[in-house]
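Reviewing the structure listed below.
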Amino acid sequence: MQRSLSLSTTQITWIIVASAPVGINTLPRMINEQTEQTGWLFLVATALIIYLYMRLIIILPERYPGLSIFEITTHILGKWAGSLFILFLSLMMIVGTSLSLRLLADGIINYMLFHTPAMVIILFMLFVLFYTLTRGTETIVYINEILQPIILLTMTMIMFLVINKARFEELTPIISEQINVIQGSAVSFYPFLFIFVVVYFFPYVRNHSSLKKGIFLGISLILWISLTLFILSVTLFGTVELNYIEYPSIEFARLIQFPMLERFHIFYLIYWIIYAFTVHTVTLYAGSTGISYVSKKKNMVWIAVACTITFLISLYPDNIEKAREYAMYLNYVNLCFVFFAFPLLLLIDTIKRKVNSQ
Amino acid sequence: MTLAFGVVCLKQTKSIDEQMKEIFNQFGNTQDLSSRSFETLTGQKGALIYFNNITDPKEINEVIFPWIDEQGKEKQLNSQRIQETFLIRDVQITEDIQIIVDNLLQGHVVLLLERDSAYCIFQAEKFPFRNPEQPTVETTVKGTKEGYVESLSVNIGLLRRYVQDKNFRVEHMEVGALTKTKVAIVYLEHIHLPEVLEEVKQRLKEIETDSILSSSELKQWLEDNEWSIFPLSRITERPDSTAQSINDGKIAILTQNSPFAILIPFTFFETIQNMDDYYEKWYVSSMIRLVRVFAFFISIFLPGLYIALIHYNPGLIPSDLLVSIAQSRTQVPFPVIWELLLMELTIEIFREAGIRLPKPLGQTVGIVGGIVIGESAVQANLVSPITLIVVAITTMASFSSPQYSMAYSFRLLRFLLVAAAGFLGLYGFVLGTMVLTVHLASQKSFGIPYLTPFAPTSYRNWIDQFLLFPLRWRTVKPSYLSRKKSKGDWKPLKRG
């Protein structure tokens, strides 16, 4: 007995939260390099822009209720252009997942499995992801509903455990020549790199107001996570020291002292693995369903293909620095393509509708 | 004990001997099929055919024979007269030999009469079964002290005593081509979800097997995913638990010859629920439930975590404890994973042996064996004391689940996580946990997601999950189980 999936506000919220890339772990340092302690203002401003942008995008499912983003795109752009659009979007998801997996693997090697090759770490994560994706959309939605609240609670708990060591005067915004506004803005978009994965879930949105609320809550929670990470990193380490810390969020977990546990930051890494798993599930789901739609073949086959491609790409960067560099390039491509392509899609649709109505 | 009494008539076209032979041939001359010939005062010959062990001899000797004797004093007996004068039960007429066979198998008595075109079948079954006794698997402190028995009608009667409502419905079906096991689908008409009921009936119809001997077997046929490591339906031996479940909108399936009822749909978080919870104050029950949740985590995760920490990340363990563990393990020749698996296997053997042995002996052997072998294993440096403690705590914790079949799942999962942790440390352990979470999230029980009410989230139904809310808060049915009501139609049971 099957019941068709209908996404609730809570479910949409968690899917959006799951779209924040694993690289958010290193975000405090990346933003700090460009904007110093003013970074939090950039994050807030970016979140506002993203919210407005998403409000624009969700006009599409309002106009085409029940249709997937693939059907909407091919309807607006035609078969070939639409397929190309989807393919590009899906490949970007797969590349993003690959780089994110590589960053995670290097983090695990640094802190947990010192002698295990990155290839093994990535491969096993991909096995689990493959199993997850073959379980279907509903399962992906449910695991986020279960795991994301736990992740957020852990995050909040850690924040409270280190908050007594924070020096909040470090956060006063400054206007300095060292602040690179353009670079800083680009980097601050990073937490929202995959936010558009929500478009892949359009066919399961029955209630449009749930989508609006879910997007608002989702963006707010991503902002909360990235702000917390940034603020804690700056207030705990200071802007100068932060530039030399590879994984700021793991390092501030080092400051936590429990009588029963030593090296608490390794437990914190567990939290990051779970978080990475939820992110990769959503992004790889988007990548595999995209190419599956274009090829008109069974999704199962394309899940395997997407996983294989992800594995190969993830091994390409020589080291963690290269992986981070590529991730930033992807961020720029994302900014240029996605943030212009969807509004363009909407514009074309509006023009077509006006022409047809005349 | 049940006793039914009635008559079914059948057209007779052959002589008594021929008919008797035909009936006996159907059963291959089995020796427990009996016949008793008689002759009435009018000289009319006849015979009764029945199975010895499933027919009530008292009914034959004290009801059927006196009645035939009385009725056959002056006039010859025939089907018409039987229908008119035998008023204890309805009379059914059939010409089908298969119906006679089925009736005999159900403990009925066939009456053959000379010079009459009809054969009659009296219903006088008496199957042996025990009286309701205290449940052995689901024991409670304050709950009812009676459990189901092997008789379907007694079990339905027990349930009717708990739910005296006009909407109480019972539907009978048969499963198993050879065993023809009767099953009863029980539900409350105004509460249950019709789509779940339809699905239950459909799945029962689709069962293609010769034999269904128990509820546990039937349960496996009905479940959504036979490959799942978790039970996707609940089994109970308590009528009060069944009554509460059907009150919530669930459907109960009772099986002939089985002292268990199947309750569907079933969600994962019901694992921590026990009938005793509802007989205690809410805060006491909530605390007990939290203890069960803690035990659940220990039973699944502790061995895996132990392996991951000892093998890969000993730095996470406090220094003093680490030194103590290291000292206790210095003489042990095996890696910690083999040490742990060896002890787990030993415990499983004790458990299995404990079940098979007679009850008083089983407990003694279990305790003596456990202490002696455990102690000896430590002294012989086969295992370290800390490993023994981990295995013992885990085993005890795995039995804290009120659902017995879930305890098996927990034990199997433990091995999965031990293997994952042994291979990739904490990372493997987390990945194993993720596989487990995904598996749980992908399961459904008759269309209801297994992780309901947490995924999908339904805040209203959190009143009876990890924490038990006060009684007045629990006056509404679980929304995922009960039929949606129009506004004003819903009358929650006001209690307290």
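Cβ coordinates come from backbone N, Cα and C, glycine included.
Feature annotations, reproduced from TrEMBL:
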- A:12-28: transmembrane segment (TRANSMEM)
- A:40-60: transmembrane segment (TRANSMEM)
- A:80-101: transmembrane segment (TRANSMEM)
- A:113-134: transmembrane segment (TRANSMEM)
- A:146-163: transmembrane segment (TRANSMEM)
- A:184-203: transmembrane segment (TRANSMEM)
- A:215-245: transmembrane segment (TRANSMEM)
- A:266-287: transmembrane segment (TRANSMEM)
- A:299-317: transmembrane segment (TRANSMEM)
- A:329-348: transmembrane segment (TRANSMEM)
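Contact check: the transmembrane segment (A:266-287) against the transmembrane segment (A:329-348) gives fewer than three Cβ pairs closer than 8 Å, residues 6 or more apart, which falls short of the contact criterion. Under the criterion of 3 or more C-beta pairs below 8 Å, with sequence separation of 6 or more, the transmembrane segment (A:215-245) and the transmembrane segment (A:329-348) do not qualify as touching, having fewer than 3 such pairs. Between the transmembrane segment (A:329-348) and the stretches A:113-134, A:184-203, A:299-317, Cβ pairs under 8 Å are most numerous for A:184-203. Same-chain neighbours of the transmembrane segment (A:113-134): 101-102, 104-106, 140, 143, 276-277, 280-281, 284-285, 288, 300, 303-304, 307, 310-311, 314-315, counting only residues six or more beyond its ends whose CB sits under 8 Å from a CB of the stretch. When each of A:12-28, A:80-101, A:184-203 is checked for Cβ pairs under 8 Å to the transmembrane segment (A:40-60), A:184-203 comes out on top.
Beyond the transmembrane segment (A:12-28), the same-chain residues lying 6 or more positions past its ends with a Cβ under 8 Å from any Cβ of the stretch are 39, 96, 99-100, 103-104, 107, 141, 144-145, 148-149, 152, 187, 190-198, 201, 205, 210-211, 213-215, 217-219, 221-222, 225-226, 229-230, 232-234, 242, 246-250, 272, 275-276, 278-283, 324, 327.
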